[in-house]
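Everything below concerns the one structure shown next.
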Amino acid sequence: MRSLLILVLCFLPLAAPGKVYGRCELAAAMKRMGLDNYRGYSLGNWVCAAKFESNFNTGATNRNTDGSTDYGILQINSRWWCNDGRTPGSKNLCHIPCSALLSSDITASVNCAKKIVSDGNGMNAWVAWRKHCKGTDVNVWIRGCRL
C-alpha cells in the first residue's frame, strides 16, 4: 500500500494544471476582464484566438523549434513574454512566470495579452489568429452566449 502511495505521488507533478473552458464561459470571463473591444479587437477575436491556440485549454503548452515554449489559453511565448527558467535570453516583458499562464484563473493570461496586443502588432502576434480568425466573421464565436 505504501509503495502505491509513493508511486501516485511521483506522478502528481505530471498532471497538467488548468481548465478547459466552454466557449461561452470563456467569452464571459474575457468580457469581465475587459477584453471586449480592447485595442479595437472584439470579444469574438479573442475567443477565436483561444480556440485555435489552445482549444480553450489553460493548461496547454507547446514547445517551439527555437527552444521557447507557448503557454496557456492564448499560447503566450516564453522568449518574449514570460519566464519559464529554461528559455535562453527570455525578455519576460509581462514580468510573470510562465506557470502563471497555466492556471484555471485566466487573469495573468489576459493581462499579458493586453500588453502583447498593445505592442504594435496587435493580434497579428498570434499566428493562429492570423490563420483562422483575421478577416473572418468572429462573431460566430460569441453567438448564442449570454454576455
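Placed from the backbone N, Cα and C atoms, the Cβ positions cover glycine too.
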Candidate in CYS82, CYS94, CYS112 joined to CYS98 through a disulfide, as Swiss-Prot lists it: CYS82
Pick from CYS94, CYS133: which cysteine does Swiss-Prot list as forming a disulfide with CYS112? CYS94
Looking at Swiss-Prot, which one of CYS24, CYS48 makes a disulfide with CYS145? CYS24
Regarding the disulphide bond with CYS48, report which of CYS10, CYS133 Swiss-Prot records as its partner. CYS133
Running the recorded positions GLU53, ASP70, CYS133 through a 10 angstrom C-alpha radius around CYS98 (disulfide bond) leaves ASP70
